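Taken straight from TrEMBL:
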type     : residues    : note
TRANSMEM : A:12-33     : transmembrane segment
DOMAIN   : A:58-181    : domain 'Beta-hexosaminidase eukaryotic type N-terminal'
DISULFID : A:93-A:140  : disulfide bond
DOMAIN   : A:203-522   : domain 'Glycoside hydrolase family 20 catalytic'
DISULFID : A:313-A:364 : disulfide bond
ACT_SITE : A:359       : active site, proton donor
DISULFID : A:540-A:557 : disulfide bond
């Protein structure tokens with residue numbers, strides 16, 4: 001009965017301060033009820049016994065796995081990852097060379113100092129992992145994209161293990177899988193079993209949203225999160241970079257936006273160099289960076305550096321001194337957007353930008369006499385969603401002219417704004433019934449969509465909430481096969497009201513891992529007990545690699561987190 | 001040590017040169033900050049022992065080490081009095097430090113202000129414990145309740161019974177607290193004016209004990225034969241009491257605090273009921289079918305052993321709930337129920353003349369979305385029906401961080417600044433600190449100073465600190 005409060009109270013991802021008050025009533029109740037037992041778990045679904053999994057610590061579970069009993073040793077002094085003969089990627093392929101080193105470090109980080117690197121491999125040893133990129137164009141120097149091929153095949157046998165992938169993106173996923181097959185015995189020696197894996201993602205879009213406006217996140221945390229994303233085969237970093245509270249993006253065209261709108265103009269901004277570094281770090285891990293510049297709502301911080309951008313709100317017949325959403329009736333607004341999105345399209349290489357478009361509050365628009373007049377001129381009547389549509393359509397034209405595709409929050413679709421057929425619609429609202437209906441409606445209209453509603457990880461509750469994250473499936477709605485094909489994936493969201501660098505990582509991991517498996521593995525991978533066993537080991541592996549991933553339940557890791 | 005504790009109140013009464021200070025937490029009892037402002041220079045600032053106080057000894061090692069600890073906290077950025085002083089020092093835009101003319105007279109509302117850490121469900125590396133002690137001092141907590149062992153693991157390395165940890169810890173080498181680890185915790189705590197009260201919970205919650213101490217736990221039966229599983233400590237066997245006396249003799253000497261937590265909660269009777277020897281013992285003792293009497297019998301013995309070792313026992317409320325014959329000086333720790341229930345429990349216990357420790361409203365391992373610190377803040381420990389005498393028996397309260405879902409990866413942000421709410425409730429004058437709304441900006445500022453001092457304290461709402469947490 002205690003998990004009643006985890007029944008998602010989805011309001012908006014933002015207005016939490018108001019929500020906090022509301023929450024207390026529910027919260028008081030649930031805490032009180034749950035206090036009855038000191039130690040017993042209050043979540044109705046608690047998996048506490050690791051029954052072992054035939055799939056060891058693999059996470060997310062590959063599409064096809066066959067493991068044999070035969071095992072080989074791996075030694076830090078003889079094992080290496082090399083380019084296979086005939087691979088279309090060579091020593092100049094940064095993505096792979098960096099990945100080889102990274103995974104060698106993950107495997108032998110602790111044991112590296114022992115011995116020199118020349119000993120010949122003993123007979124029961126695995127001496128090499130040969131990586132072969134099979135397609136003529138390896139994508140080595142490119143960026144991962146919406147249609148990048150992430151498939152791979154991995155064969156572990158003597159004398160070599162072989163990893164084959166059409167593109168480097170698949171090789172990255174295969175390297176992670178290879179590293180997950182390696183296990184450590186009592187004495188710290190590494191072994192791997194003979195195995196064969198064929199793998200590819202179930203969904204193309206597997207994202208994580210970070211919000212750097214409500215709290216500034218130092219670059220180091222963003223990079224650590226990208227590392228963990230790669231360990232879980234996520235491939236989209238949705239960067240909700242600006243919002244009402246602050247504008248940390250340092251624009252070359254409009255430097256005053258962060259100068260005035262960031263929490264601090266120097267210590268709490270992302271410079272062009274920072275952004276570049278994050279994009280490259282992500283590229284090396286096969287992760288796309290999709291920025292979100294949310295308008296016309298959620299733009300309070302924009303107004304500080306850009307005069308006349310926001311709508312002046314009125315109290316009676318005089319301006320009240322406060323501001324509302326972006327002012328949709330001024331030409332200067334569109335001139336500004338034109339220049340800004342031109343810059344954004346150059347700074348962020350991904351083919352998509354996220355345009356937001358959610359939660360537009362009409363009160364300020366209603367109060368403003370100039371807007372009232374404009375509404376009359378355009379015969380919008382009292383329907384302010386028409387004004388919103390007017391704005392969004394002009395914005396979409398601007399973005400289209402920069403050769404970018406766009407993603408938008410579901411309201412833009414709900415409000416009937418005319419959209420290009422390849423627009424991606426991001427579902428975030430409602431309860432299960434509501435979001436499933438929404439997915440059905442969107443796909444019935446022929447649009448592509450991806451899901452976040454069940455995966456608002458900023459919403460925390462006591463106990464093992466990963467199981468409900470794990471159960472949600474983007475295909476669970478009523479629709480034809482063709483409709484299902486329009487679902488490109490999902491995103492785990494970590495909104496920033498209560499999250500900054502102090503608590504981001506343990507709140508995210510391994511909870512986001514549950515979403516990671518849902519989006520990568522086959523639809524029928526749903527055994528929670530098997531998942532618990534693999535995920536517990538996977539989280540210890542993340543901890544050993546320096547990721548602050550919290551525990552699923554009372555237990556230990558051989559190598560505990562060493563920081564504080 | 002006694003003389004050192006006396007010098008603390010003296011320091012708290014220093015008349016200090018200070019501006020408007022917003023990050024003092026918990027709120028001192030009497031605080032008067034004037035507009036008058038004095039500059040502070042790291043090159044000229046010094047701590048001195050006051051000369052008119054006969055009780056203050058020069059060369060008090062505890063204070064000397066506090067001085068060295070607080071100097072760098074004051075200037076980048078002093079035990080409790082020093083803490084308040086350090087919170088009053090502010091920095092100008094140009095980097096110079098100043099402090100407003102301020103008079104503070106301060107003392108805690110409750111003498112016992114504790115934090116419980118659970119090192120059995122997850123092992124907490126020493127570093128995590130020491131860092132928690134630092135943060136406790138910043139919030140004027142003064143008791144570290146070390147729930148050191150429990151069912152899942154036994155990380156305490158005993159001198160007398162080394163098998164307990166070599167077989168009962170998660171790992172016999174890497175997941176244990178050696179004697180020197182324990183001493184380090186004790187010293188670190190003492191230098192910060194924090195007591196360390198260990199809990200060795202029995203007779204339940206002892207699964208891990210059984211691994212290294214055969215014949216300690218009750219063998220459970222299935223029908224007429226042992227099922228292979230074990231229940232609580234076997235109260236029917238004399239060996240249990242011999243072991244417990246030897247073991248308690250060791251641990252009461254390792255931990256110097258006069259209080260000792262004996263647990264006594266959540267004892268499951270089904271295993272006892274299944275065991276023929278236990279049943280025979282019940283009959284012999286004339287307990288009938290009432291297993292609470294058996295539990296009482298066990299607890300009485302353990303409390304007596306403990307008091308013979310010159311320690312005051314603390315036990316969980318279950319012990320009081322099941323029987324009345326517990327020594328009057330035993331402290332009762334409330335952990336169950338809704339506010340109405342724990343208030344009624346407080347009334348009953350204090351009416352029976354027991355001292356009480358309030359834990360129930362502050363189980364902060366239970367997390368929820370949003371600003372749940374406000375709930376902790378609004379607790380009124382003395383708001384129960386009872387006489388003035390009864391109220392005096394509430395010695396304080398404790399914040400619990402049970403370990404099912406908590407280890408070194410998430411302990412700090414879950415604990416801080418949420419525990420600060422209870423810290424202020426237990427230290428400050430309730431009449432001056434009724435409004436969580438009024439406390440909010442001060443707590444935000446305090447949380448930023450925790451960050452500056454290297455405590456991974458999570459945010460309370462959207463916003464920023466000038467020095468964000470840069471670790472990870």
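Keep in mind that glycine also has a Cβ here, set from the backbone N, Cα and C atoms.
No curator has checked TrEMBL annotations; they are predicted automatically.
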On a simple 10 Å Cβ count over all chains shown, which one of the disulfide-bonded residues A:313, A:364, A:540, A:557 is most densely packed? A:557
Comparing local Cβ density (other Cβ atoms within 10 Å) for the disulfide-bonded residues A:93, A:140 points to A:93
Checking the contact step here: among the recorded positions A:93, A:140, A:313, A:359, which have a Cα within 10 Å of the Cα of residue A:557 (disulfide bond)? none
In all the protein chains shown, the tally of other Cβ atoms within 10 Å of the Cβ of residue A:359 (active site, proton donor) is 16
Report the DSSP secondary-structure composition of the domain 'Beta-hexosaminidase eukaryotic type N-terminal' (A:58-181) as helix, strand and coil residue counts. 29 helix, 33 strand, 62 coil
Rounded Cα distance in angstrom between the residue listed as 'active site, proton donor' and residue A:313 (disulfide bond) is 17
Mean per-residue pLDDT computed across the domain 'Beta-hexosaminidase eukaryotic type N-terminal' (A:58-181): 91
Separation of alpha carbons, residue A:540 (disulfide bond) and residue A:364 (disulfide bond) (Å): 50
Can you see whether DSSP assigns residue A:313 (disulfide bond) to helix, strand or coil? strand
